[in-house]
């Protein structure tokens, strides 16, 4: 295989000085050959290639991990940690591991939590953190620092960073938060401040691009399965019973997809990446009627962003935005429950029919991380610390093909992780549920 390899360069702070890494003297580590990461250590963005292709370009990212030399004097570090946006399992674990990692690995003693998201930089007092204060945070759901949406006033935030003397800023949040982090990084660079900025991607939807997955996702899928199991029991216990479960996923359907594959109790899975229709041959109603006749019950899983264009809206609803500027979604679960009842009432007015609707959104978001996500959060936090201490800035740590890398913030902020409808996983979903191929049926209707 031939082709050039393009390494995504990371911005670094030029005004700092090289120093010996204190891990050399840390009693818990025994640095040896291969322990430290070198500038030539990279992670390929893609590991599967077609060897028959004549020339293929390759993209690579700097590998995450400790460097032999660092760029900060630990006693001069003043770190700020902030959580933004909605809740997600593992947020407290990331905060805890950032604090413990900075304190125990590098000897940093000035660590502060910023309350209530971005607005906390300029409107609230920072909270002093140490390992004793955060020792049991990983057992708690939510974020002890508190969070909020909106409140992003760039100059106020950077002014506060400068005024308070923070020279490392760890920003935990989703895609909107990462876009804000890009702007903060640019303004920091414009002012020529020696401040390291890193973003730690958080979203249960798993819609952050480039990285393998975002933290909290595995926990969300596990909790979603419990909701599906409850819906299955309710549906199976009724005559012509339908268990309807709405799962998180505004623009992507990863939770719904993985929960469906894991559960095997789902009869139809609807996600934002797919088109579907209700009435007519090959439509959802026809499929559900057939399934009810065959089994007497059905379980329907729908991601919150699926079918939004089908829900009737008035003019004010069309214009409505949340605090982060996102369009406000209507409740697709409530709408589905209504249209299902209307459909059955029209077609089978004298037959029993039950729809049990379960929305576990806040239960999923608020739980502590499971074992897999707790481990992942630790690795993310430590990767972020190693990168910032080495002098890198404007990056996101994350796994790519199972190996941890440093990715430029802007690339992550501009990339979405959509469900690939041509991928094997979606074919597996359809093989498990035996649901209609709505796309093909759409084409057939238009002929």
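Even glycines carry a Cβ here, placed using N, Cα and C.
Note that TrEMBL annotation is computational and uncurated.
Neighbour density for residue 205 (active site, proton acceptor): within 10 A of its CB lie 28 other CB atoms from the protein chains shown. The active site, proton acceptor annotation in TrEMBL covers 205.
Counting only same-chain residues six or more apart in sequence, the Cβ atoms lying under 8 angstroms from the Cβ of residue 177 (ATP binding site) belong to 84, 85, 118, 171, 199, 202. Among the features that TrEMBL reports, ATP binding site is placed at 86, 149, 150, 174, 175, 176, 177.
Sequence annotations record features per position, and here TrEMBL assigns Mg(2+) binding site to 175. The 10 Å shell around the Cβ of residue 175 (ATP binding site) contains 25 further Cβ atoms across the protein chains shown.
According to TrEMBL, the substrate binding site annotation covers 203, 204, 205, 248, 249, 250, 304, 362, 363, 364, 365. Of all the Cβ atoms in the protein chains shown, 14 others lie within 10 Å of the Cβ of residue 363 (substrate binding site).
Look at TrEMBL and you will find 79-386 tagged as domain 'Phosphofructokinase'. Per-residue pLDDT, averaged over the domain 'Phosphofructokinase' (79-386), rounds to 95.
Sequence annotations record features per position, and here TrEMBL assigns site 'Important for substrate specificity' to 176.
The subset of binding-site residues (203, 304, 365) lying with their Cα within 10 Å of the Cα of residue 174 (ATP binding site) consists of 203, given in sequence order. All protein chains included, residue 249 (substrate binding site) registers 26 other Cβ atoms within 10 Å of its own Cβ. Around residue 304 (substrate binding site), the same-chain residues at least 6 positions away in sequence with a Cβ under 8 Å from its Cβ are 246, 247, 248, 249, 250, 329, 331, 332, 333, 361. Here residue 86 (ATP binding site) is compared against the recorded positions 205, 363, 365, and the shortest C-alpha distance is to 365.
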